[in-house]
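Asks: Below: one structure in C-alpha cells.
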Amino acid sequence: MRLRWVLLLAFLMCVLMATRSKAQGSDSPKQDLVTTTVTHYTLPPDKLEKAHALYTVRTTMHFGETIYGIVLLVLILRFGINGKFRDLAERMSGNRFLQACIFVPLLTIVLDGLGLPFGIYSHSLSLKYGLSVQKWGSWFWDWTKGELIGIVVGALLVAVLYWLIRVSPARWWFYAWLLCLPFLVLVIWAVPVVLDPLFNKFEPLAKDHQDLVEATQKVAKAAGVEITPDRMFLMKASEKVTTANAYVTGLGSTKRVVIWDTTPRQMTTPQTTFVIAHEMGHYVLNHIYKGLAFAAVLMFFGFYIVYRTMNWFVARWGASTDIRAVWDWASLPALMLVASLIGFATEPIASTFSRTQIEHKADEYGLKITSQITPDYRQVAAQGFQSLGEHSLSYPYPSRLMVVWLYDHPDVSSRVDYALQYEPGKE
C-alpha cells in the first residue's frame, strides 16, 4: 500500500495507464499459435480449471488486500504510531521539508513492509501458474526500486501538500488539485524514458522485427497518421513473464508504441497487426488526453471530499489519535485512510470508464482499420483474443459484478463475441 494513495494517484494512474492494452509475446520460435476457427472464447478443461482458480484467488486477494491496508491505517492511528513518527521527525529537525523526508519513509516502510506478503503471494501465484519466470532476487530488486522511487516522490508530494494545508487551510484542496494536473502530465511524459527502463529492457522494434515495423506503418497509413520507427520499441518481457502485451505510452516527445517480445511468439503476424491497430486507436482517439480529463474531474471531487472529511476527522478523533491539526504530519495516515476509502468506492467508475470508453473504443478502432488491410479480419481478431486469454489464463465466465468493479478491459469472452459480429460503420 504505497503512499501514492495520498493524492489518489494509485487510482488515477490506473485510469491513465488504461491505454496499456492487454494483447500479449520474443523473437524465439512461435509456439501455441491459435489458427483454428474461433466461434467463442473457450479453454480446454485443464486450463479452465486453472483459470477459475486464479480468478477466484486474485479477486479475493484484491478485496482482502484493500481491507488489510485500511485496517493497518486504523491500527497505526489507534496505537499512536503516527504521533511517535511525527515526534521523532520533529526532534531530528526543525525544518518542515526535512521532517517530511523523515516521516514519509518511516510510514512507507511500515505500511509496505507489512503489505509485502501480498506481493510475495501474488508473485508465487504467477510462478505457480506459469505466468511468470522472474526469479525471486530479480522480483525483490524490482520491489525495492519501486519502494525507493515511492519514498522520494512521496516525500516531495507530502511536503508540498502539507505546506499547502498549512498556508491555506480552507483552499488547500483546490491548490493541490491544480498542482496535480501538471504533475500527472509530467509523470505520463517521464514514465517511458525515466521509470520503465529501470524495470525492463527496451530496444528498437526494427532491430529484429522489421516485419512488425512494416505492419505498424501499414496500419498507420490506413489510419492516416505517421508513426516513425524511432517511436516503436520491443520490450524484453520474456525475461520476466510468459504472457503477451502491447501498449502505447508517453506524451509528446516520449510518445511511443511498445510491443512485448512475447507477442510475436504467441500470435501470427495478422493477429499482431490487429494488436498494433488497437494500440494505434489509443493514439488517434486521444485516449491519454481523455484519461487526463477524466482523472482531473475525479481528483477535483476527491480532493474536496478529503478536505471536508479531514476537518471532521480531526475535530472528532484528533485527540484520541494524537493529531494536532490537519497540517500535522500525524494526520497523514488519516488522510490516506480517507483517500483509500474514496479510491475503493470509485473503483467501478474508473474501471467502467477504462473498459467502455478506452479499451472497447480501441477494439472498435482496431477492427475498423484491419477491415481495410486484413482478409477475414473478424476471425483474426477473435483468434488474437483467444490467444491472449489462453496464455494469460483469463477466466471465460467472470461475475458481472467483478467485471464492473475490477475489469479495466472488456473480458475476453465479450471481446471475442464483439469481434465476430463487428460491422464497419455500425459502431
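Glycine is no exception: its Cβ is also placed from the backbone N, Cα and C atoms.
According to TrEMBL, the protein has these features:
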ACT_SITE  Glu279  active site
ACT_SITE  Asp363  active site, proton donor
BINDING   His278, His282, Glu359  Zn(2+) binding site
DOMAIN    42-201  domain 'CAAX prenyl protease 1 N-terminal'
DOMAIN    208-417  domain 'Peptidase M48'
SIGNAL    1-23  signal peptide
TRANSMEM  67-85  transmembrane segment
TRANSMEM  97-121  transmembrane segment
TRANSMEM  148-165  transmembrane segment
TRANSMEM  172-195  transmembrane segment
TRANSMEM  288-306  transmembrane segment
Asks: Fill in the CA-CA distance, Asp363 (active site, proton donor) to His278 (Zn(2+) binding site), as an integer in Å.
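Replies: That comes out at 6 Å between the alpha carbons.
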Asks: List, by number or range, the same-chain residues at least 6 past the transmembrane segment (172-195) whose CB is under 8 A from its CB atoms?
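Replies: Tertiary neighbours of the transmembrane segment (172-195) are 7, 9, 12-13, 16, 149, 157, 160-161, 164-165, 249-254, 256, 258, 288, 292, 295-296, 299-300, 303-304, 306-307.
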Asks: How many Å separate the Cα atoms of Glu359 (Zn(2+) binding site) and the residue listed as 'active site'?
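Replies: Approximately 9 Å lies between the Cα of Glu359 (Zn(2+) binding site) and that of the residue listed as 'active site'.
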Asks: Specify the count of other C-beta atoms within 10 Å of the C-beta of His278 (Zn(2+) binding site).
Replies: 28
Asks: Near the transmembrane segment (67-85), which same-chain residues lie under 8 Å Cβ to Cβ, leaving out any that are not at least 6 residues past its ends?
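Replies: Residues packing against the transmembrane segment (67-85) from afar: 1, 103, 106-107, 110-111, 114-115, 118, 317, 321-323, 329-334, 336-337, 340-341, 344.
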Asks: Should His282 (Zn(2+) binding site) be counted as helix, strand, or coil on the basis of DSSP?
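Replies: In three-state terms, His282 (Zn(2+) binding site) counts as helix.
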Asks: Across the whole of the domain 'CAAX prenyl protease 1 N-terminal' (42-201), what does the mean pLDDT come to? Round it, please.
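Replies: Mean model confidence (pLDDT) across the domain 'CAAX prenyl protease 1 N-terminal' (42-201) is 97.
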